[in-house]
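If you check TrEMBL, you get these features:
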type	residues	note
DOMAIN	12-141	domain 'EamA'
DOMAIN	154-290	domain 'EamA'
TRANSMEM	12-31	transmembrane segment
TRANSMEM	37-57	transmembrane segment
TRANSMEM	69-90	transmembrane segment
TRANSMEM	96-116	transmembrane segment
TRANSMEM	128-147	transmembrane segment
TRANSMEM	153-172	transmembrane segment
TRANSMEM	184-205	transmembrane segment
TRANSMEM	217-238	transmembrane segment
TRANSMEM	250-269	transmembrane segment
Amino acid sequence: MPTTMTPRLWGLLLLLALAWGCSFFFMAVAVKALPPLTIVLGRVALASALLWGLLALNGQRLPLRAPVLLACLGMAVLNNLVPFSLIVWAQQSISSSLASVVNAATPVFTACVAHVATRDEKLSGPRLLGVLTGLAGVAVLAGPAALRQGAEWPGILAGLGACLSYALAAVWGRRFRALGVPPLAAAAGQTTASTLLALPLVALLDQPWSLPSPAPEAVLALLALGLISTGFAYTLFFRILDQAGATNSALVTQLVPVMAILLGVLVLGESLLPRQLAGMALIALGFALLDGRLLRPLAPLRG
C-alpha cells in the first residue's frame, strides 16, 4: 500500500478536518435537545442514507460477502460505537480543550499499531518525530488551561481508549482495499452496521419516542452532523485510508482542533492568540517531517 501523501491527499485531509471540526458546532446545538446515543444513531443513520444514495448514483455496490460484512462490523464497533461512547463519557469529567489534546494522540497509537500489524507502515525515526511534533503542537494550541480544568484521570484514560479504538479501526479498515471494496462502499457499510448496532441500544436506553419534539435548530444541527460531518466526511476518510494508509489517515485528529479554532475566529469572531499560532506552526512542522521532503536534502549527508 502506498503511504506517501501527495498534495491532493493533503487537500483531502484538510477538507476532512474541516468537516469534523464543524461537528463541534453541530453537536453543541443538538445535545441541548437530544440525548447522546440518539445523536449517534441519527448521525450514522443519516450518513448511511446519503452514502447509499451516492453508491447508487455512481453505479457501485457493497459486496455482500462474509469477509466484507465482517470488515464493516469491525469498523462499526472500532470506528463509531466504542470511541463515540468513550468520548461522550470522557467529556463528563474533562474539558473539551483537554479532550482535543487527548484525541490528537490517535496518530501515535495508529503508528504503533500499524508498525506491529502491517508490513508496509513500519515506524521510522522521522515519522515518529513528525507525529510527536504535531502532538506537541496540539498541546500548545490548547494551552495550560486544558491541563488545569477538570483533568480527571478516568476521563483522560477513556479518551486514550478512544484513540486506541480509532487506531485499531484505521488498521482494520485497510482490509477493504485487499477485499476490492471501493472507499464509498466501505463507508456505507460501516455506517449501516453502526446504525443496526446502535438502534437497539437507543430503543432500550434513550427511548426517543418519549422525548419532547426537538427545536428546529437541533434538527438542522443533527442533519448537518449526519450528512456533512459523518456521511461526506467518511467518503474522504476511506479514500485517504485506501490511498495513503492508516497512519496518514489518523493525522486528521491533529488538524481538527486547528479547524475548530479557525471556525471560531471566522464564524464567532473569537480572537486568535499567539500561542495558538505557535501551536499551528508546530503541527505544520510535524506534518512536514511526516511528508519527508523537509529531510530529503539531508539524505546525502547521512549516506
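Keep in mind that glycine also has a Cβ here, set from the backbone N, Cα and C atoms.
Those TrEMBL annotations? Automatic predictions, nothing curated.
With a cut-off of 8 Å between Cβ atoms, the residues of this chain six or more beyond the transmembrane segment (250-269) that come close are 13-14, 16-18, 20-22, 24-25, 100-101, 103-107, 109-111, 131, 134-135, 137-138, 141-142, 163, 166-167, 170, 237, 240, 276, 279-280, 283, 286-287, 290. Here the transmembrane segment (217-238) does not lie next to the transmembrane segment (128-147) in space: the count of CB pairs under 8 Å, restricted to residues six or more apart, is fewer than 3.
Contact counts against the transmembrane segment (184-205), taken as Cβ pairs under 8 Å, peak for 37-57 among the stretches 37-57, 96-116, 128-147, 153-172.
Within its own chain, the transmembrane segment (96-116) is flanked in space by residues 24, 87, 90, 122-123, 127-128, 131-132, 134-135, 138-139, 141-143, 145-147, 149-151, 155-156, 159-160, 162-164, 166-168, 170-171, 245-247, 249-251, 253-254, 256-257, 260, which lie at least six positions past its ends and keep a Cβ under 8 Å from the stretch. Counted with DSSP, the domain 'EamA' (154-290) comes out as 117 helix, 0 strand, 20 coil. Per DSSP, the secondary structure of the domain 'EamA' (12-141) breaks down as 103 helix, 0 strand, 27 coil.
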